Amino acid sequence: MKSDIEISHQAPLLPIQDIAKKINVDQDDIEFYGKYKAKFSQSIWSKITSKKQGKLVLVTSINPTPAGEGKTTVTVGLGQALNQLGKSAIIALREPSLGPCFGLKGGAAGGGYSQVVPMEDLNLHFTGDFHAITSANNLLAAMLDNSLYQGNPLNINPKKIIFKRCMDMNDRALRHLVIGLGGDKDGVVREDSFVITVASEIMSILCLAKDINDLKQRLARIIVAYNYEGEPVSAEDLNAVGAMATLLKDALNPNLVQTLENTPAIIHGGPFANIAHGCNSLRATKLALQLADITVTEAGFGADLGAEKFFDIKCRIGDLQPDCAVLVVTTKALKYNGGLGKTQWDHENLTALATGIENLGKHIENLKKYGVPVIVTVNAYVTDSAKEHEFIAQYCQQRGCRFAISQVWEKGGAGGIELANQVIDTLENDAPQFQLLYPDNMPLKQKIETIAQEIYGAKGVTYNANAQEMLTKIEDMGFGHFPICMAKTQYSLSDDPALLGRPTDFTINIREVYVSAGAGFVVSLTGTINTMPGLPKKPAAMAMDVDDHGAIKGLF
């Protein structure tokens, strides 16, 4: 089997204006970024408002192995399969972050014969959206520190500054630092830290903003610090909103590319799901829904993180109505959740599978709580056994759940026909009864406990003193109606990454709480999760290079 990058290099790509034609978009309504990439122009929105909205399919997964479950691969393959069956389908995905690309993943645009292309562009700089987000974020940080230096007219308490600089890279050395060192002309000395761009509030704001006016209103609400009286200081107070919006003007528009089989793909935004809300932009999803009969999108990591936030944050804020959920599982992840180490995943082991499959059962239960029909699909590997697939199929049937084998990594769209037919049948015959997990007016603490108990299966929640105090303060500030964005490990239903399968009798520990007033949610940090990842011992970057002809090697 060829590598992903070799497959992508050999793919016959269509000019991007031809991809636009497939979804009835005139080339006057796209801005070209070379031959194979484009941004939708602002002019597109007035032309699609009268179109009937299509169906929305969410792809999610069980708790993954460190290598992931292949949600993006299945999303791409499903979109290709739907188009092969004559359906008008668009896939809507997040843009990959440079951090994981150079860290563990080595790229994130699907895999095998189900990829979004051009693969190198997508993984490296793409259309510059992340650069714009990083720049807007760091402009606000610079204006904040400049206000401190220029006499501190807003009476900001340097020990109560909460807005962080960001960079789209895994760099643990930036988690704790001191800035302003030098002399009197070098700024005010204080402790600071960086977050990765995809965990920044501005990334979430871009992904939840409905239009440029909504973007500016959200930017204005960002709380950067508290003054000596304990009152919040906002980006609006710093007069930074106009300049930030200027940097983000083009980044607000979704991007158009294609898959290996020339299926249209809208790529926009990229918040992490373990430390942010984990979904592509609301504008991209709404655009896709107006342009195609079926939109296939994904939410990051397992359904306990990405899907919960997709429903309770993105669908709540964007008034979206999902029509079904595809739950991706691999035999490897089931055996991993059943206690087997990496070297044993490729061997048939029905005992470990039977233990680990309880993780799948919990995710099926969780998705049904939202009232959406569920289709389980095995992202098949050549090392899987027929007995393993049969065991999973029977488990799903016993729970009244549709099931399909997916071979889209190996066969592209042709390997997703079984899944696509299940999706089509579901959309035509199984009416969703979508509902949110909790109402807006539920107290914040109760929202956290509802997620912990209903979705994770925890017996309770503990809070440290600072988190407890902050929850009260946030409600007093008028943000008690916001949804919760849980920051939690992706590897377990609990906040302990080593607690696999379907754990019971555990407690979720809340160590920090803060409000993202611009994004419109309250972040609750659990366990040891942090907002600036580090590189592994052998980063994927060590295997990357570019040859004399400009061809990139080493992206997976």
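Cβ coordinates are placed from backbone N, Cα and C, and glycine is handled just like the others.
What Swiss-Prot says about this protein:
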type	residues	note
BINDING	THR65, PRO66, ALA67, GLY68, GLU69, GLY70, LYS71, THR72	ATP binding site
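Annotated features taken from Swiss-Prot, shown on the structure.
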residue	record	CB count, 10 Å
THR65	ATP binding site	17
PRO66	ATP binding site	12
ALA67	ATP binding site	14
GLY68	ATP binding site	22
GLU69	ATP binding site	23
GLY70	ATP binding site	29
LYS71	ATP binding site	24
THR72	ATP binding site	24
Notebook entry, point to check: Neighbourhood of the ATP site (THR65, PRO66, ALA67, GLY68, GLU69, GLY70, LYS71, THR72): other residues with Cβ within 8 Å of the Cβ centroid, in order?
Noted result: SER61, PRO64, THR330, ALA333
Next item on the list: Please report the DSSP secondary structure of GLU69 (ATP binding site), reduced to three states.
Entry: coil
